[in-house]
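K.L.:
Handing you a structure now.
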Amino acid sequence: MECSVENENPTIDENNQLGAIVTTITMQPGVTVTIENSPDSGSFTIIGTELSLTKSLDYEAENVLLVTLLCWKGGVEVNSVNVVVEVGNLNDNSPTFKETNITAKIPEDTKVNTIIIPEKSVTASDLDLDNIQYELTAITPEATDYFNIQGINNPSIYLHKTLDYEKYKFMQLILYARDRAPGSADGNTATATINIDIQQADTKPPWFQPCTFLNADKKVCISSGYIGRVNISEKMTEPLILKPGPLYAIDPDYTLNEKIVYSIVDGNKDDVFLLNSDTGNITMNKAGNTTDTFILHVMATQANNALRYSFTTVEIKVIAKNSHAPYFENSRYTGTVSAGLATLSLVMDSKAPAIPLKIFAADDDFPNKLNPQITYSIQNSSDFTVTRDGLVLTNIMLQSAATITVLATATDEESLQEANTVITVEVTPSTGTKGTRANLQYTAQDMAALGATLAVLLVIALLLLGLIVSKHYANTIKHLVGKESDKDPLEDVSNQSYQDDENPVWSTKDNESLRSDTLENGTPVGQQPSDGFLPLEPRVESSIATASAATKGGEEDKEGKDTDSNKEVKSILTKDRKTVDDGYKAVWFKDDIDPDTKDDVVVIGDQVEEEDDSDGDGDRNEEDEDEDDEQGSQHGDPVVSFILERAQLQATNGNLKPDQDADTEDDILL
């Protein structure tokens with residue numbers, strides 16, 4: 001062939017440079033090549049042996065160009081070559097939205113999964129005809145929790161979660177359209193702003209005011225009810241004054257603000273009261289003739305929807321007429337308190353800084369003007385509180401110096417009548433240090449801590465006192481009962497055995513029986529077991545041993561013995577004295593005892609005490625100790641006098657035998 005081309009079907013990317021080479025032409029000698037006229041021939045030119053472009057191609061305008069080359073030799077066309085040029089499509093266009101700012105209005109009660117923006121409204125186009133991918137992101141926090149798109153290639157937006165007008169009234173999102181996967185270097189992206197206006201719907205019943213929210217989402221608000229007072233046998237013409245305020249309800253869907261209708265559904269006995277259905281005002285239809293309490297059940301209903309309703313109660317007491325309202329004797333009170341004090345610290349009276357500030361509302365219905373039904377409250381501040389007694393306390397820790405003025409109200413809980421006064425509190429800087437008492441004021445907690453400390457100290461003091469008393473009497477009893485010998489068989493005898501003190505007289509038969517039991521068993525009576533009572537004779541011996549301590553020193557001096565505790569003392573019960581005796585037994589008879597009742601008894605008169613007084617200092621000290629023991633016994637054990645009478649009877653009847661006395665180591669005092 002006289003001419004040909006290297007590539008008859010080349011591909012040239014769009015947006016090419018001017019003069020870009022399409023293909024190379026091969027010609028025989030003497031052959032020339034020309035471009036045949038055609039619609040696309042203007043886009044090409046021949047430079048030497050190369051076919052080049054004369055313009056920049058655009059795939060979106062034309063994607064294929066056709067050019068025909070004619071071969072000439074000697075002025076005669078010898079052949080032709082067709083070249084088909086395909087235009088390469090480059091990603092040179094970004095996706096586009098019809099609208100870049102889209103707004104949708106939806107009610108808050110829209111059901112979940114509802115399409116709020118259809119696909120056609122948010123579909124992007126791309127001149128490159130690429131496959132567009134979509135993504136929805138949030139500008140408003142948590143907006144994507146409520147809204148989402150149907151899919152990566154379906155941009156329609158639907159509701160994913162129930163709306164709450166109280167929480168969100170407006171949300172904003174961004175919709176992305178991409179012609180390449182996210183992160184691609186040659187990708188193009190378009191964005192559209194999605195605005196969601198949430199409209200309040202009729203979702204809540206009326207709320208009586210004031211009310212308290214049950215939880216943080218503020219979906220339910222409960223009224224604590226109302227209270228009022230009317231005088232007995234008196235018909236009021238004006239609407240009743242109620243606490244905490246007039247009876248009324250609101251539509252919590254306040255943008256709708258539907259009309260509320262009121263009605264009494266129960267409690268209006270004898271139709272004493274009337275309720276205005278539009279305003280909620282309660283008036284009297286007739287007077288109340290008894291001091292009854294009316295509990296009115298009131299319903300508030302939306303006029304447009306009977307299913308939106310709520311209830312409350314109105315407590316109205318019929319009381320005796322109250323002639324006087326409470327009033328403050330002072331129209332203004334002034335107090336002072338230091339900054340930095342703990343909560344519930346007392347506010348002091350400015351006129352007398354050492355005295356707590358106390359407000360008082362008088363009531364002339366009472367003789368002393370003191371109405372126990374009056375309570376106090378602070379109306380316009382939470383920094384202070386007032387006790388029922390009128391004491392003003394801080395309700396928080398005041399941080400800095402300032403002058404605070406508050407309004408205090410006194411309320412008669414019976415009649416609901418009120419009085420107001422002004423309290424001005426000067427908060428002074430805290431200038432005291434930890435060790436300074438200049439600004440120290442005591443709170444209720446301080447008083448409680450002090451009381452608890454004093455109570456603990458009192459308990460400790462009582463325990464110590466009980467321990468001291470216990471030790472004191474334990475030593476006294478030990479000294480009286482077991483002073484002379486550790487082997488005394490009567491050492492463990494307790495005075496609790498004397499339970500017959502009201503009948504102290506012993507019969508001769510009882511003494512003989514006890515003595516017989518002792519001789520037969522061969523065991524001292526004081527050592528024999530008993531069921532709750534000790535035998536009578538050991539009781540006598542124990543009491544005799546206790547009572548004889550006072551005369552021990554004097555008897556030892558009269559016998560001329562040494563001062564050792566185990567002296568050898570001869571018995572005076574009989575005229576015969578034993579030579580071997582570990583102790584002694586002395587008998588002291590009262591003046592009214594007749595010595596003639598028994599010949600063997602020696603009566604010692606009152607002169608013994610006088611003789612004892614003439615003894616030496618050592619004997620006197622020993623006698624003082626014994627007298628102390630005797631006094632302790634007399635004060636602590638009232639049975640000593642009883643035993644004396646028993647011992648006298650025994651001595652009178654001759655029941656104490658000399659041989660039995662010789663075995664005993666204690667003195668016997670009768």
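We count from 1, first residue shown onward.
Keep in mind that glycine also has a Cβ here, set from the backbone N, Cα and C atoms.
According to TrEMBL, the protein carries these features:
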type	residues	note
COMPBIAS	509-518	compositional bias 'Basic and acidic residues'
COMPBIAS	519-530	compositional bias 'Polar residues'
COMPBIAS	553-567	compositional bias 'Basic and acidic residues'
COMPBIAS	591-601	compositional bias 'Basic and acidic residues'
COMPBIAS	607-631	compositional bias 'Acidic residues'
COMPBIAS	661-670	compositional bias 'Acidic residues'
DOMAIN	36-97	domain 'Cadherin'
DOMAIN	98-208	domain 'Cadherin'
DOMAIN	230-328	domain 'Cadherin'
REGION	485-567	region 'Disordered'
REGION	591-670	region 'Disordered'
TRANSMEM	447-469	transmembrane segment
K.L.:
For the transmembrane segment (447-469), what are the same-chain contacts with Cβ under 8 Å, counting residues 6+ beyond its ends?
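P.N.:
For the transmembrane segment (447-469), there are no sequence-distant neighbours (Cβ-Cβ under 8 Å, at least 6 residues beyond its ends): none.
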K.L.:
Looking only at the domain 'Cadherin' (98-208), how are its residues distributed among DSSP helix, strand and coil?
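P.N.:
The domain 'Cadherin' (98-208) comes out at 8 helix, 51 strand, 52 coil.
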K.L.:
Using DSSP, break the domain 'Cadherin' (36-97) down into helix, strand and coil residues and give each count.
P.N.:
3 helix, 33 strand, 26 coil
K.L.:
Over the span of the domain 'Cadherin' (230-328), count residues by DSSP class, listing helix, strand and coil in order.
P.N.:
3 helix, 46 strand, 50 coil
K.L.:
Could you give the mean pLDDT over the domain 'Cadherin' (98-208), rounded to a whole number?
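P.N.:
Looking only at the domain 'Cadherin' (98-208), pLDDT averages out to 93.
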